[in-house]
Amino acid sequence: MAKRDYYEVLGVSKDASKDEIKKAYRKLSKKYHPDINQEEGAEEKFKEISEAYEVLSDENKRANYDQFGHDGPQGGFGGQGFGGGQDFGGFGGGFEDIFSSFFGGGAQRDPNVPRKGDDLQYTMTVTFEEAAFGTEKEISIRKQVKCETCDGSGAKPGSKKKTCHYCNGSGHVSVEQNTILGRVRTEKVCPVCNGTGEEIEEPCPTCHGKGTETKNVKIKVKVPEGVDNDQQIRLAGEGAPGHNGGPQGDLYVVFRVEPSDTFEREGDDIFYNLNVSFPQAALGDEIKVPTLKGHVMLSVPEGTQNGKQFRMKEKGIKNVHGYGYGDLFININVVTPTKLNDKQKSIMREFAEVSGEEITEQPTNFKERARRFFKGE
């Protein structure tokens with residue numbers, strides 16, 4: 001019986017993308033998997049689907065199939081000789097794949113070797129104060145954990161596993177390839193048992209044979225003192241479960257720090273904008289200013305100019321790596337009064353006169369401004 005067209009087997013067009021081919025394979029393999037579908041012919045159908053996907057998911061194999069079909073290239077170089085425009089890549093992967101098959105370079109990683117689980121990432125938002133002083137918070141993340149019912153085996157408790165029918169327990173299957181040197185036989189991991197050599201007879205009712213289940217897990221996280229935006233910590237063993245008895249992956253917690261209503265932060269230094277009145281700036285004053293650990297008095301000397309910056313050493317944030325503390329910088333903003341009463345205006349005029357300044361006061365009402373405008377004053 002002639003083999004069916006691989007594109008027809010997967011139900012895709014000849015110009016289907018890799019994603020479309022993968023999607024079709026997943027859908028069909030799930031439908032006809034021998035562990036799920038016990039109907040007659042399902043096993044053969046599954047083999048046919050697996051074979052079609054193996055070819056169409058590989059660019060070189062697919063190109064070879066598109067050009068030569070199931071039989072592969074016939075008669076070596078045929079009548080084309082070396083000038084027929086035939087690329088070696090059309091023969092199933094070229095010389096590299098061929099010789100790697102002969103000399104062992106094409107051997108695949110043993111799927112039964114214990115492997116560490118995947119690492120996970122969680123973004124945690126903390127307040128400015130929590131980042132400055134450190135704290136402990138509890139988070140809840142949804143992740144894969146070992147199934148408690150089957151203890152990760154994937155099998156129903158009390159049931160047994162059976163020898164894989166597809167590879168007869170070897171964990172590998174032989175696949176023949178057409179190459180420029182003829183047909184080459186290679187060993188590949190069994191697609192049914194994934195190299196274990198065993199099949200689950202009765203899947204676990206909780207995880208349905210996967211060995212893992214998705215749960216909300218609560219984890220306590222210590223927020224380091226002095227942590228800043230985009231910095232992260234690693235929680236060893238809090239990631240996804242390992243494979244074949246391997247260790248769990250890690251959880252990386254990335255921090256997002258909310259801005260403060262009082263301070264601005266640059267690294268370990270913090271900045272505070274202090275508004276002072278004209279008399280305070282001119283005469284000097286003792287002014288109470290906030291710090292991370294309460295208020296302190298700042299001596300503002302007489303004649304302080306707008307934009308002046310004062311520095312309080314080690315009043316900033318503790319370095320997250322333990323390299324001391326940052327500083328607190330206080331920026332002075334001299335506030336000019338917008339509304340003066342008559343007495344205040346009189347004092348200011350007197351001050352200007354004593355200082356030898358000639359002040360041309362600007363009118364505040366519309367009529368006076370209009371009168372001066374038309375008089376050219």
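Glycine is no exception: its Cβ is also placed from the backbone N, Cα and C atoms.
DSSP labels the residues of the domain 'J' (5-69) in these numbers: 45 helix, 0 strand, 20 coil. If you look up Swiss-Prot, you'll see 5-69 marked as domain 'J'.
Taken from Swiss-Prot, the feature zinc finger covers 134-216.
The feature repeat 'CXXCXGXG motif' is assigned by Swiss-Prot to 147-154 (among others). When pLDDT is averaged over the repeat 'CXXCXGXG motif' (147-154), the result is 86.
The Cβ of Cys204 (Zn(2+) 1 binding site) lies under 8 Å from the Cβ of Cys147, Thr149, Cys150, Ser153, Gly154, Ala155, Lys156, Pro157, Gly211, each of these being in the same chain and 6 or more residues away along the sequence. According to Swiss-Prot, the Zn(2+) 1 binding site annotation covers Cys147, Cys150, Cys204, Cys207.
The annotation repeat 'CXXCXGXG motif' is assigned in Swiss-Prot to 164-171 (among others). Using a Cβ-Cβ cut-off under 8 Å and counting only residues 6 or more beyond its ends in the same chain, the repeat 'CXXCXGXG motif' (164-171) has close neighbours at 34, 43, 47, 111-112, 189-193, 195-199.
Counting only same-chain residues at least 6 apart in sequence, those with a Cβ under 8 Å from the Cβ of Cys167 (Zn(2+) 2 binding site) are Val173, Cys190, Val192, Cys193, Gly197. Under the three-state DSSP scheme, Cys167 (Zn(2+) 2 binding site) falls in the coil class. Annotation comment: Swiss-Prot describes Cys164, Cys167, Cys190, Cys193 as Zn(2+) 2 binding site, evidence class sequence analysis.
Taken from Swiss-Prot, the feature repeat 'CXXCXGXG motif' applies to 190-197 (among others). In the repeat 'CXXCXGXG motif' (190-197), the DSSP tally of helix, strand and coil residues is 0 helix, 0 strand, 8 coil.
According to Swiss-Prot, the feature repeat 'CXXCXGXG motif' maps to 204-211 (among others).
When the repeat 'CXXCXGXG motif' (204-211) is classified with DSSP, helix, strand and coil residues number 0 helix, 0 strand, 8 coil.
Within 8 Å of the centroid of the Cβ atoms of Cys147, Cys150, Cys204, Cys207, where the record puts Zn(2+) 1, the same chain has further Cβ atoms from Glu148, Thr149, Asp151, Gly152, Ser153, Gly154, Ala155, Pro203, Pro205, Thr206, His208, Gly209, Lys210, Gly211, Thr212, Glu213. Separating the Cα atoms of Cys164 (Zn(2+) 2 binding site) and Cys207 (Zn(2+) 1 binding site) is a whole-number distance of 20 Å. For Cys150 (Zn(2+) 1 binding site), the number of other Cβ atoms no farther than 10 Å from its own Cβ, over all displayed protein chains, is 23. Residues 200, 203-207, 209-213, 241 of the same chain, all 6+ positions outside the repeat 'CXXCXGXG motif' (147-154), place their C-beta atoms under 8 angstroms from a C-beta of that stretch.
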